[in-house]
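Participant: One structure coming up, written as structure tokens, with questions to follow.
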């Protein structure tokens, strides 16, 4: 069964890569390099972007536009070999103290040990919704596609178009959901060796610097917000709606999600009784899908 799912996921990865080649954006047009003093380099005529990290600084970029809902795809090839202490990111965030945020963070490790994908959702400045995964492939050997689908009903995290996590809107039971603050796309490579690898026990080996992560084929299909006005019509209408606006998992998607979470999830805030002795958040008792 595991072999069958792995083959299916590999096929989906190839198909997703082909789709993005057709519809990908351009880093020159779509992003601003925001920090790193020359450590961020746009490549391949705008198709790719490399971020590097050395002992002095990391680097990062952000989208020119901000969005209120959408589908956000990014192909990433992570830092190879001994990446302990490094964190590569792809996330959405608003600004301010009570910000909203939707996170993909890739926590490096020593050679031969797997990366950890760290996901989280912040609403009005509060997170504590972490789930972590180990991947079923080597994310440093080739580009893979990481996706955030965000609509008023749910947030879906996907890897090569396979869902790894769904965070549903549970406002009906008092759980805040990010739906009122526009967010930009942010990506970065930085040092976090005080916590990132094995709880901070393994530090960054600066003799191996510079560390480099590669981004390619940014693709944003969302509701851009400018001066408080969205480029999308009412999200309540299903007429001419784009797939991400009503995205939910079908039977195959639910099966893939179950497989990923049963075989590759390594941390779930909904199961950490030591951290939450007072009891789990209310959405933990609801369906994952």
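FYI, residue positions are counted from 1 along the chain as it appears here.
Each residue, glycine too, has its Cβ placed from N, Cα and C.
The active site, proton donor annotation in TrEMBL covers 105. Marked as domain 'GH16' by TrEMBL: 21-215. What TrEMBL lists as N-linked glycosylation site is 109. Under the heading signal peptide, TrEMBL lists 1-24.
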Participant: Over all shown protein chains, what is the count of other CB atoms within 10 A of the CB belonging to the residue listed as 'active site, proton donor'?
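Facilitator: 19, counting other Cβ atoms within 10 Å of the residue listed as 'active site, proton donor'.
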Participant: Around the Cβ of the residue listed as 'N-linked glycosylation site', how many other Cβ atoms lie within 10 Å? Please give the count over every shown protein chain.
Facilitator: 20
Participant: Express the predicted model's confidence over the domain 'GH16' (21-215) as a mean pLDDT, rounded to an integer.
Facilitator: 96
